[in-house]
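J.: Have a look at the structure that comes next, please.
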Amino acid sequence: MRALIVVMDSVGIGGAPDAAGYGDEGADTVGHIAEACAAGQADSDQRQGPLQLPHLAALGLGEACEHATGRRPPGLQQKAGAGAAFGCASERSRGKDTPSGHWEIAGVPVPFEWGYFPKTVPAFPPDLIDQLCASAGLTGILGNRHASGTDIISDLGEAHLQTGQPICYTSADSVFQIAAHEEAFGLDRLYRLCEATRPLVDRFNIGRVIARPFVGRSASGFRRTANRRDYAVPPPEPTILDLATAERRHVVTIGKIADIFAHRGTGHNLKGDSNDTLFTRMLEGLDALDDGGLLFANFIDFDTLYGHRRDVAGYASALEAFDARLPELLDALRDDDLLVITADHGCDPSWSGSDHTRERVPVLIVNGRSAGSIGARTSFADTGATIAQHLQLPPTRHGNSFWPNGA
């Protein structure tokens with residue numbers, strides 16, 4: 001009896017009741033990708049035609065979309081299989097960011113408002129930058145504005161190589177991001193700089209400091225590497241990871257999960273440089289997962305490579321590639337395992353700007369027993385509550401099990 005949470009990062013399905021308050025009314029990541037594919041607007045060298053997600057559809061993705069928005073996207077008309085359990089969930093936390101979504105999935109909605117840096121130039125208070133430069137021995141910084149990570153590296157990467165000054169920027173999320181060249185600036189030096197920055201931004205209630213290393217020699221050749229590292233504040237209450245760890249359960253985390261939870265209760269962490277590699281790491285982790293254990297995985301490419309970059313065709317291709325590997329995961333499950341596939345927020349690649357979008361998320365469940373609709377859940381925390389129930393852990397403080405009387 002084991003439990004798995006698989007987060008398809010940013011794979012929202014629209015319909016959030018409070019989306020208008022975020023400027024996201026009508027945003028629908030999966031729905032708009034499916035519509036673009038059906039209209040021939042997402043054809044590329046990697047994929048063509050309607051969106052093909054037969055295995056996610058068999059788990060109830062079409063029904064989950066219908067729960068969220070009242071309609072099924074084109075290409076997801078296939079009915080869920082007889083053993084599928086499915087629904088959607090709304091976020092209770094105020095943010096539409098990575099920590100808020102993941103913490104709530106793990107049973108802890110964020111009870112406060114994150115701090116954000118203003119969309120001004122400069123974006124950061126002068127005294128913060130003075131402290132940062134003094135603590136790290138810097139002559140100054142570059143950037144100091146809201147920006148897309150790939151764009152600002154292209155814009156300022158050459159100046160960074162010339163001056164040795166790191167590129168500091170933010171976004172609509174509660175983040176302070178630092179980009180630097182892995183070789184010229186040094187990866188370890190970048191990590192130390194981020195570690196020094198973490199306490200400096202605490203007074204602004206900033207969720208994450210993010211190291212964004214890159215390589216290349218000119219604007220046309222700069223590219224970010226897989227050595228990103230997030231320095232997050234820890235969750236304000238015990239999560240399902242903490243509960244499992246306290247009970248001496250085997251915990252395996254995949255991808256950036258350990259960073260998101262500030263390495264608290266995250267057990268053995270396996271990393272990879274792509275969704276495909278992460279999927280392989282997940283299968284390895286599952287193969288080694290003890291009875292009573294918890295595996296928590298994040299698949300980041302949907303968000304970072306395609307959502308933020310507003311690449312509809314790339315996002316569609318990534319969804320189809322993930323779907324094609326799903327049978328490997330399903331075949332590796334034991335009869336008494338519980339699998340929940342969900343998302344942490346949306347990032348509609350057809351939407352304006354480059355930020356996350358406030359959306360409901362799918363909740364697709366495989367547990368070998370209960371099937372059918374779990375409806376539209378009012379909190380992501382219901383997933384954490386259900387995992388705790390399944391693993392016979394102490395109950396989470398927030399959320400309600402999908403099956404109050406047991407699966």
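Every residue gets a Cβ built from N, Cα and C, even glycine.
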J.: Out of HIS250, HIS263, HIS356, which one does Swiss-Prot list together with ASP303, HIS308 for Mn(2+) 2?
T.: HIS356
J.: Check the DSSP secondary structure of ASP303 (Mn(2+) 2 binding site), expressed as helix, strand or coil.
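T.: Note: ASP303 (Mn(2+) 2 binding site) is helical by DSSP.
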J.: With a radius of 8 angstroms around the mean position of the C-beta atoms of ASP303, HIS308, HIS356, what other residues of the same chain does the Mn(2+) 2 site pick up?
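T.: After dropping the recorded site residues, what remains is ASP9, SER10, THR304, GLY307, HIS345, CYS347, SER354, ASP355.
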J.: How many neighbouring Cβ atoms, not counting its own, are there within 10 Å of the Cβ of ASP9 (Mn(2+) 1 binding site)?
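T.: The Cβ of ASP9 (Mn(2+) 1 binding site) has 23 Cβ neighbours within 10 Å.
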J.: Where the distance is taken from Cα to Cα, which of the binding-site residues ASP303, HIS308, HIS356 turns out closest to ASP9 (Mn(2+) 1 binding site)?
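T.: Checked the binding-site residues ASP303, HIS308, HIS356; minimum Cα distance to ASP9 (Mn(2+) 1 binding site) goes to ASP303.
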J.: CB neighbours of ASP303 (Mn(2+) 2 binding site) within 10 A?
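T.: Result for ASP303 (Mn(2+) 2 binding site): 26 neighbouring Cβ atoms inside 10 Å.
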J.: Under 8 Å Cβ-Cβ from ASP344 (Mn(2+) 1 binding site), six or more apart in the same chain: what's there?
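T.: In sequence order, the residues whose Cβ lies under 8 Å from that of ASP344 (Mn(2+) 1 binding site) (at least 6 apart) are VAL7, ASP9, SER10, THR98, SER100, GLY101, HIS102, ILE105, ASN298, VAL361, PHE380.
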